[in-house]
Each structure stands twice: as structure tokens, then as C-alpha cells.
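Here the structure is laid out as C-alpha cells; the discussion comes afterwards.
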Amino acid sequence: MSLTRSTYGERAKRHPNLAAKALLETIERKKSNLCVSVDVTSPSDFLNVIDVVDGLQNSHPSQTHVDIIEDFDPSLIDRLTNLSKKHDFLIFEDRKFADIGNTVALQYSSGVQKIASWSHITNAHPVPGPSIITGLKSVGLPLGRGLLLLAEMSTKGSLATGSYTEEAVRMARAHSDFVIGFIAQRRMEDVARDDTTSDKEDLLILTPGVGLESRGDSMGQQYRTPEEVILESGCDVIIVGRGIYGKSSDVDVQAVQAQAEKYRRAGWEAYEKRLA
Ligand code: 5BU
């Protein structure tokens, strides 16, 4: 059965990769294909937004950018990890690695952030070629982590199109033990397919550029609705940031709760329509 007609739970049972399996299982358990991108700079807002949206079982996983947090302190990661256990969500650090294998392995494992030690999923630009996967895999695979490749972007004028996207898909197929899917705007099964492509392939599609009230921002971001993303384009997860916590520096917890539930419901209803 095609992936767009299968439930998250059925795909979880079949999936060989531990991080992908955990992601699919949790989506099914929480009935949420919403990933909230928590792009706030204050550590307390960061933890509050996650506590509120995940406490309501709204979101899974939470996407982070720890490099934007003011006065980053490693204890923040302990608190984030505790929340992820308490509320049953995976952490996806949207790090977008883009360097040579040796450097990305160090960026992933070391420094102040030690991303590999706490982030279940991370992502990378395919621009350096397959060596970026080899570098990240040397650190992440023994820890049971998963990698997403940026096959496409949501921004106006993105260069990640055509043969670039095709090469990203080939790279992912060649490393399917560690690459669990893509950041992309549509499904990738039919891209660069050849005789060697397995029918059992299940590469997940996590999609940013999702908004219910706006079609974009003033800096090139482009939004589509959850229905366009999940039902029409067959993607697996909607990634939503400002649509949930707004643009102001004061996070309004009640408004965040309401918006998160609105996006969760929209994403799940689009998925149910797709199955039907
Ligand atoms: P927004 O507030 O919903 O626009 O946030 C979208 C998030 O997804 C934000 O964290 C971006 O860094 C991230 N993103 C994106 O918007 N578009 C892309 O192509 C990629 C990531 Br890759």
C-alpha cells in the first residue's frame, strides 16, 4: 500500500530505523503530526512554550534552534530532556549542518551544545555531498539518532530544486540506515527512482512553511495550509513556528495553547481525509 494511504502506526511497525519508528509511533499515539518550531530567544519562553504545547499532547516532535537562545546554559538541555520524557515527544534540532564530514562530526558531538547527546533527530544540507552523512553518521548512528536531508526549502527562490533535490534523494537512499527522510515540500518516492529503489522505502517528509492565517512573511518565507501540505502534497509532519506563538516578544500561554490545538487538529484532519 502507498505510504500516503498507510497509517503512521502501520509504518512504525515496518520501519527499520529506530528514530523513524519512534517518531511514527509517537505521532500515532498522540494523534499529532504537528511539530512546533520553538524559535524564541528567552530560555524561559522556550521551556514554557514546549511545556504548554506538549503538555496538551499537541505536538510531536518539538523543533529547536538552540543557537538562538540567549545566555545558553547546558542545564537548559537537562530541562528540555526532562520535558521530552514527561510529555512524550522527540526533539529535532534544526541545525542544518553544511560542512565537511570531519567538521560536522565535531559540531554534532562537541562544543557547548553537544547536539547528538540530546537531539533525537537533526538535519543537514546535502551541498557538501555524501561525506556530510558519513561524518554525522559516525556520531549519530551508535546513539540511535536519525538524520533528515534538506531536499527542498520553503523560501522564495530556493536553489534546492531539480537535480539538487534528486541528488539529495540518492544520497539518502545510499544511507538509509541513518537518513530517515527529508525536509521537503512534497513526497520523494518518485524522485530519482530506478531499478535499485526498494519498494519498502519509507523516507519521512517533514515540512516547514505552514500557516493558516498568512501566505508568507517579509523575508521570503512562504506558507501553505496543513491541508495543502498533508492532504495534497502527501507530507508526514507539519512544522509550525510563528503561526503558534505569534511574533511578539511576550509569549501568551493561553493563545499558544489554542493555536497549537488548532494546528494539531488541522494537520490530523488532513491526514484522516487522506486515508479516507
Ligand atoms: P515559521 O515561524 O512557521 O515560519 O517557522 C518555520 C521554521 O521552519 C523555522 O524554524 C525555520 O528555520 C524552519 N524552516 C523553514 O521555515 N523552511 C525551510 O525550508 C527549512 C526550515 Br529547511
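Just so you know, glycine gets a Cβ as well, placed from its N, Cα and C.
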Which of SER109, SER110, SER117, SER154 shares the substrate site with ASP39, GLN221, GLY241, ARG242 in TrEMBL? The record says SER154
Around the Cβ of ASP99 (active site, for OMPdecase activity), other Cβ atoms found within 10 Å total 17
Taking only the CA atoms, the spacing between ASP39 (substrate binding site) and ASP94 (active site, for OMPdecase activity), expressed in whole angstrom, is 10
Cα nearest ARG242 (substrate binding site) among active-site residues (ASP94, LYS96, ASP99) -> ASP94
Fewest neighbouring Cβ atoms within 10 Å among the recorded positions ASP39, ASP94 goes to ASP39
